[in-house]
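Novice: Got a structure for you, questions after.
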Amino acid sequence: MKLIDSYAVLEKIRDLIYSLLEARDRAMENGLEVIPVRTATPLVRYGFISMLKGGVVMDVTNEQQAEIAEDAGAVGVMVLDKLPYDVRKAGGVARTADLNVIRAVMETITIPVSAKCRIGHYWEAKLLEEIGVDLIDESEVLTPTDEKAHIWKWEFRVPFVNGARSLPEALRRIWEGASMIRTKGEAGTGNVAEAVRHMKAVNRDIAVLRGYYKAGDIEAIRLYAKSNNVPFELALLTARLGRLPVVNFAAGGIATPADAALMMWLGADGVFVGSGIFKSRDPEQRAQAIVLATTYWDDPETVAEAQSMVSERNAMPGIDITRLKPEELLQIRGE
């Protein structure tokens, strides 16, 4: 599929959304009561996340970047004070973004707006919910507040996403109330290798559980759950489904259209792109290209077209993960 064809599809989707909004407005004029999103049930939270499948969520730090993301076809943005690459370089304590900046982004674009809070920081998450963000990322990119415990997310109306390096880690986050999982990768490096490793680790354990389930060996599933400190019911559900029971995005080091296509090929439901777009020298083209490659990841011709839209000379500076000290790794936070 050519780029012009993909834009035609996006325009049809846009027209459909506008038609639905107009229908809603007419219904409201006729006295229909609209239930606000803030009263969302778990079913609505999971349903909203499912609508992001197959898309790209882009990290942004201001309204201008958010507009570029929306114009490129992103399904959402994640607002930060600094991009992960800059967080890594700056050091110190990384906190949630300025609430006024988040509000400004929400007023500027029409796609869902997400924001990060520190691991274990209940009140950062509560404030993000209060101002009306669509999704909260309890993220290892920011400086953890609690090294031992994550937020109990069932108390919130807004959905959460958490990072994971393995299936047990993912299932623990889901048990705590996460509506979405993403690979941790190694954020801010421009190196997709860790995201690949984490996605394969999750897939490998799912295949093992699926094998137990098909063989009728429920006791083996119970032993897996006990030895990995995860609820048996979640392990059993995962074994029965043959996949995570929630949407699973890829994140951490995605910097090119080919990176995005690779993660989709490995089984991701979509991708988060952090520094890869706005630390490059061609953010507009790269954003469009990554969206195109994510959407048509199983079409080599289209992925090649997307990759041709960008130049390696304009890519973000990469960081060799093997040269990072253990204490410099973000992925080890919040296991």
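The backbone N, Cα and C atoms fix where each Cβ goes, glycine too.
Straight from Swiss-Prot, here's the annotation block:
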- Asp59, Gly188, Gly253, Gly274, Ser275: D-ribose 5-phosphate binding site (BINDING)
- Lys116: active site, schiff-base intermediate with D-ribose 5-phosphate (ACT_SITE)
- Lys200: D-glyceraldehyde 3-phosphate binding site (BINDING)
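Mind mapping these onto the model and telling me what they sit next to?
Specialist: DSSP assigns Gly253 (D-ribose 5-phosphate binding site) to coil in the three-state reduction, outside any helix or strand.
Non-local contacts of Lys116 (active site, schiff-base intermediate with D-ribose 5-phosphate) by the CB criterion (under 8 A, 6+ apart in sequence, same chain) comprise Met78, Val79, Leu80, Thr96, Ala97, Ile136, Asp137, Glu138, Ser139, Val141, Leu142. According to its DSSP assignment, Lys116 (active site, schiff-base intermediate with D-ribose 5-phosphate) is in a strand.
For Lys200 (D-glyceraldehyde 3-phosphate binding site), other Cβ atoms within 10 Å of its Cβ number 13. Under the DSSP three-state reduction, Lys200 (D-glyceraldehyde 3-phosphate binding site) is assigned to helix.
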Novice: Could you tally the C-beta atoms, other than its own, that fall within 10 angstroms of the C-beta of Ser275 (D-ribose 5-phosphate binding site)?
Specialist: 26
Novice: Can you tell me the CA-to-CA distance separating Lys200 (D-glyceraldehyde 3-phosphate binding site) and Gly253 (D-ribose 5-phosphate binding site), as a whole number of Å?
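Specialist: About 15 Å separate the Cα atoms of these two residues.
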Novice: How many other Cβ atoms are found within 10 Å of the Cβ atom of Asp59 (D-ribose 5-phosphate binding site), counting all protein chains shown?
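Specialist: Result for Asp59 (D-ribose 5-phosphate binding site): 29 neighbouring Cβ atoms inside 10 Å.
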